[in-house]
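Enquirer: Right, I'll just put the structure down here and ask away after.
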Amino acid sequence: MLAQCNFLKSVPVGVRAFSSLNALRATPKKGTLKAGGNALQESKFEPLSEAQRAYLDRALRVNQAGELGANYIYQGQIFVLSRRHPELRPTLQHMWEQEVFHHDTFNALQIKHRVRPSLLTPFWKVGAVAMGAGTALISPEAAMACTEAVETVIGGHYNEQLRCLDSQFEQRKADGTSGVPEEVQSLTAKVKLFRDQELEHLDTAIKHDSRLAVPYMMITETIKGVCRLAIWGAERI
Amino acid sequence: MSIRLLKNSVSRRALLSTRLYHPNPIEYANSTVVAPLTYTMDSPQSRILTHCLQNEVPHWGFTERALLKSIQAVGYDSSMMSVLGASNSPSIFHSSPAVMELVKFNLVKKRHALTESLAAAGLGSPAALPSLEHLLVKRLQMDVPLSKQLGDLFTQLALPSQFMVNVAVPELFRLSDDMIYFSNEKDHFDTAWYSKRLGVSLAYTTSKLFMAQDNSLNCQDTIEFARDKLHRIMTLGEYYNNVEEYAWYSIMTTVNRAKAGFSRH
């Protein structure tokens, strides 16, 4: 993933470096931004490259789909477990509320930044409810094993994103300085917070005997595989 | 120093609290080109193509003859024709690459002009933005001078080719996306995001087809047609939402009644 990130700044997408037509392509001349006139222009960052924009679009889309999935998984679990095991209700409710907040945050960011949502959104909804309710029907431990598997994959996914956001979005300004744009800083802070909360959910699941689920390995490894496949799909479709 | 801090805090608040455009104009310098064009608006290519759209296309249509006249009028050699078409691949079924560029320029420039002044207005509040209907009508009115050439334009755009896949369809999507984003229309985060854009694209395309055969003064009939079409599409969306809401309410009621019934036994 990190190796893929390293291309973000160096490869202009859609431009063949060897093309004889390259000379016709408009490129910012030296001092263009300064010539634009004022201190305000000088203090602005150079525009994001096409690859950087594509990465942000993809990151927001997959995060939105992932949080939608988490939201509906907890919804399915609560639907099944709240009557059979009311003692688990406050714990599940707390985790669900945090997922709803994450989902709402990425919904707002998707609209704000003109990112298309995943075309497979209805399938993510149905699949997530089925996953949450299905594991809860097996046992409360199986539901917690599901939470553990999902949060493990999501935590790793957020960590990969943070590495990329930290290393690939240092933008230059016309006055010669450089820095990370505030919208990227803001996104990084949100991803960090959500990553920490997801890992709290992982700890909560382990504390509630997720590892006693039978068959533990089969449940967790299958769900991890499904989550990785869903991440791959939501990034692209 | 304090003024700078104040400016920073104001822009930070604007950045984090209001509707923005990605990449946002508060933090980033303006791009030198309007994608997918590869030249600036003050380049020789833009000057020739703008002249052609304003003066020659209404008479000669989207043809090489129109381009040649503009190249001569702006003061360049006729070899400029090959420069104009440089970014398009030749196609044996299509017009020359230069004509393709003229068609592309027509679409991109008008789309950009439609929302150019709205970006700043939208930063303050979405309520300051115009309605979707206003933008649709405004875009249609931009093509009134070319109304007699629209049949030719449609042929160029709809001819199955690389140009249709790479330029015509993406431009139609960008236009409908811009019209929804830069209007006060509610946006969505599920499949309604796609269906709304599809509906607006449909309203725009059918209105343009209507305009190609419209003989009324200033294409007034087309404007009426577009308003009616958009209204019908939005009403269809409301019907769908109401049915979905009622179906969900019915499912929840049934489940709760069943649960209540089981708990009594």
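Placed from the backbone N, Cα and C atoms, the Cβ positions cover glycine too.
Automatic prediction, not curation, is the source of TrEMBL annotations.
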Enquirer: Which single residue out of A:Glu67, A:Glu170, A:Glu235 does TrEMBL record at the Fe cation 1 site shared with A:Glu99, A:His102, A:Glu198?
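Expert: The candidate from A:Glu67, A:Glu170, A:Glu235 that TrEMBL ties to Fe cation 1 along with A:Glu99, A:His102, A:Glu198 is A:Glu67.
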Enquirer: A:Glu99, A:Glu198, A:His201 show up in TrEMBL as binding Fe cation 2; which entry in A:Glu141, A:Glu148, A:Glu151 does that record put in the same site?
Expert: A:Glu151
Enquirer: Counting only residues 6+ away in sequence within the same chain, which have a CB under 8 Å from the CB of A:Glu151 (Fe cation 2 binding site)?
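Expert: Looking at Cβ-Cβ distances below 8 Å from A:Glu151 (Fe cation 2 binding site), excluding near sequence neighbours, one finds A:Glu198, A:Leu199, A:His201, A:Leu202, A:Ala205.
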Enquirer: Whose Cβ lies within 8 Å of the mean position of the Cβ atoms of A:Glu67, A:Glu99, A:His102, A:Glu198, the Fe cation 1 site, other than those residues?
Expert: A:Gly66, A:Ala70, A:Asn71, A:Gln98, A:Phe101, A:His103, A:Ile154, A:Phe194, A:Gln197
Enquirer: Hey, what's the Cβ neighbour count for A:Glu99 (Fe cation 1 binding site) at 10 Å?
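Expert: Neighbour count, Cβ to Cβ under the 10 Å cut-off: 24.
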Enquirer: Which one of these binding-site residues, A:Glu67, A:Glu198, has the sparsest Cβ neighbourhood, judged by other Cβ atoms within 10 angstroms?
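Expert: Per-residue Cβ counts within 10 Å for the binding-site residues A:Glu67, A:Glu198 bottom out at A:Glu67.
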